[in-house]
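Student: Following this message is one structure expressed as structure tokens.
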Amino acid sequence: LVIVTRLATRDLHKPISILFCNLAVSDLFTSFSGFWISMLFITNPDMTIFGSQDMLAPYALYTTSILSTIYNQVSIGIERYLAVAKSMRARFRVARHHSITVVFINWVLAFLLGCLPLMGWNCLQADRSISVLYSPFCISYLVFITMPNVVVAFLVPLFTYLRIIIILRKRKLRMQACGQVMGTYRSAETQVARTSISIWLLALVSYAPFLAGVIFDATNQRCHIDLYPGAYIFRNCTAMLITITCLGNPVLYTLKFRALGAKLKALRCLSATRLQACAI
């Protein structure tokens, strides 16, 4: 719904809308790849536990989608900061081609890092450093991918949205010192604070358990059978939390339910009008 609405509505063709639409595409890929892994689990559960050649492609697509989602969230936070910061906006203005370039770089980086197991960084032949939760991925690859990207997903949005709140508060205090009380800054500060807290909590709930699973995987010395079924139930729960992120992103970053419904209704009425005109 987010992708269709933003592509069909001309007034939403803005630089930030390109990032929002790309975030929805990343969430869509994450859901599809998660569904692929679920179907493999239904048809052959041992494959997703002990690992096989067939698990490399869905895991690589899943990793690529999650990385793209993280990079898009970071890009949106930076774009919002540049849009609000007056001093930086005077020097640099985000245009549509900048957003398109950022989207391209995000996907290239996500594909390069996510497809490393397909290029040979896997443990199909060497069992010594194989991941127990995400076989046949190597533990070294999971640590290499997870640690820096989760830190980026936590710290960069935290910094950008805190800076936005500080800038809005300074402007509000400056207006009050001049004898002008602006309700716009007060409401904007409240809205940004609520949104940033929601974004932070959503990222914390989604990625922190996955990070804990990777740390457990790296420090664990037991085999697959010893961890069955508790560890794999936890692994499935972390996947469900990441899927919840895909459902929460459109609500937090793009259109609220009422606004989305209004846009879809307007598009539907526009289509009906065109059909009537064609019939006449």
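Note: Cβ is positioned from N, Cα and C throughout, glycine not excepted.
Feature list, courtesy of TrEMBL:
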DOMAIN    1-253  domain 'G-protein coupled receptors family 1 profile'
TRANSMEM  16-39  transmembrane segment
TRANSMEM  59-78  transmembrane segment
TRANSMEM  99-119  transmembrane segment
TRANSMEM  139-166  transmembrane segment
TRANSMEM  192-212  transmembrane segment
TRANSMEM  232-255  transmembrane segment
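For the listed features, I'd like the structural context: burial, neighbours, distances.
Tutor: Taking Cβ pairs closer than 8 Å, the transmembrane segment (16-39) reaches residues 2-3, 6-7, 48, 55, 58-59, 61-62, 64-66, 68-69, 72-73, 75-76, 79-80, 83, 94, 96, 99-100, 102-103, 106, 239, 242-243, 245-247, 249-250, 253-254 in its own chain, all 6 or more past its ends.
Sequence-distant contacts of the transmembrane segment (59-78) (same chain, six or more residues past either end, CB-CB distance under 8 Å): 16, 19-20, 22-23, 26-27, 29-30, 32-34, 36-37, 102-103, 106-107, 109-111, 113-115, 117-118, 134, 137, 145, 149, 152-153, 156-157, 160-161, 199, 203, 207, 242, 245-246, 249, 253.
Same-chain residues lying 6+ beyond the ends of the transmembrane segment (192-212) with a Cβ under 8 Å from its Cβ atoms: 70, 73, 146-147, 150, 153-154, 157-158, 161-162, 164-165, 168, 234, 237-238, 241-242, 244-245, 248-249, 252-253.
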Student: With Cβ-Cβ distances below 8 Å as the criterion, list the same-chain residues six or more beyond the ends of the transmembrane segment (232-255) that contact it, or say none.
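Tutor: 1-2, 5-6, 20, 23-24, 27-28, 30-31, 34, 37, 49, 66, 69, 73, 76, 133-134, 195, 198-199, 202-203, 205-207, 209-210, 213, 263.
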Student: Average pLDDT across the domain 'G-protein coupled receptors family 1 profile' (1-253)?
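Tutor: Overall, the domain 'G-protein coupled receptors family 1 profile' (1-253) comes to a mean pLDDT of 80.
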Student: Sequence-remote contacts (6 or more beyond its ends) of the transmembrane segment (139-166), Cβ cut-off under 8 Å?
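Tutor: Counting only partners 6 or more residues beyond its ends, the transmembrane segment (139-166) has Cβ contacts under 8 Å with 63, 67, 70, 73-74, 77-78, 80-81, 84-85, 113-114, 116-117, 121-122, 129-131, 189, 192-193, 195-196, 199-200, 203-204, 207-208, 210-211, 214, 217-218.
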Student: So which residues does the transmembrane segment (99-119) touch in its own chain, when a touch means Cβ under 8 Å and the partner is 6 or more beyond its ends?
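Tutor: 15-16, 18-19, 22, 56-57, 59-61, 63-65, 67-68, 71-72, 75, 79, 136-138, 141, 145.
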